[in-house]
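Participant: Attaching a single structure in structure tokens format; questions to follow.
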Amino acid sequence: MSASAVSSTEPPPLSLEILTDPTEKKDALKLVVDSVAQQRQTASRAIIFHPLSLAVFAAVLAVAHYAAKVGNDFSSMLITYPSIILTYLVATRYLSSAYIRIAEDTDWLGWLKNEDGVEDTIIGARFGKDIIAAVIVRFEKTSRKNGNGKALIRGWTTRNKYRRRGLGGDMLRETVKIAKQTQGQNCVVEFANDHANSNLPLHTIFNATFFARQARARRALSAAVKDWEEGKQGPQ
């Protein structure tokens with residue numbers, strides 16, 4: 001096999017770094033915005049399979065069954081039941097579409113800047129020519145004499161096909177490394193309260209999955225900070 005044939009089958013290089021190219025920064029921001037819109041799928045499942053929703057759905061089916069005197073009339077069942085199911089799904093779709101509206105209506109370019117108009121730092125994972133993961137971090141100086149500041153993670157996402165491969169953890173470790181090296185060893189790295197996925201428009205009873213995700217994200221960040229403190233840097 002020729003050297004050219006071997007090189008053509010090798011995967012493109014993966015690099016984690018601060019993005020400076022406007023096009024790459026735009027691609028990274030789009031990943032974050034897409035992650036907001038993609039929450040609709042999670043929200044839909046949360047609504048459809050929530051015990052309260054299923055209880056209401058079953059009650060409506062029972063009421064319709066007896067009110068319409070469906071009985072054992074198969075033709076009436078074909079009309080009544082699918083109509084109720086369709087209404088259930090349409091209502092779910094409408095409620096979960098709030099995430100689409102957030103993604104579309106938010107001024108993301110404005111969101112990306114602080115009060116002084118300074119853009120947040122965007123750290124990206126470049127796989128070949130594509131940006132496949134991103135972290136948006138805002139560095140804040142404190143009034144402490146040692147000059148160390150705070151790094152607030154405002155966005156953290158990976159393209160769908162590359163998730164569950166450890167890349168998200170690598171991005172957090174790279175973020176911690178950059179924060180510690182540029183802002184001081186005592187720099188506090190944490191998720192911002194107004195991070196991109198912080199808006200939860202549905203009622204609290206449907207947000208259990210999102211709360212669990214946020215808890216996992218905090219644990220992942222804590223692990224990344226611990227790795228830095230123990231001298232473990234780079235992809236694990």
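Glycine too: its Cβ is placed from the backbone N, Cα and C atoms.
So TrEMBL lists the following for this protein:
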type: DOMAIN; residues: 107-194; note: domain 'N-acetyltransferase'
type: TRANSMEM; residues: 47-68; note: transmembrane segment
type: TRANSMEM; residues: 74-91; note: transmembrane segment
Participant: Mind checking which residues of the chain, 6+ beyond the ends of the transmembrane segment (74-91), have their Cβ under 8 Å from one of its Cβ atoms?
Facilitator: 48, 57, 60-61, 64-65, 68
Participant: I'd like the per-state residue tally for the domain 'N-acetyltransferase' (107-194) from DSSP, helix first, then strand, then coil.
Facilitator: 24 helix, 35 strand, 29 coil
Participant: Could you tell me the mean pLDDT over the domain 'N-acetyltransferase' (107-194), as a whole number?
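Facilitator: Within the domain 'N-acetyltransferase' (107-194), the model's average pLDDT equals 92.
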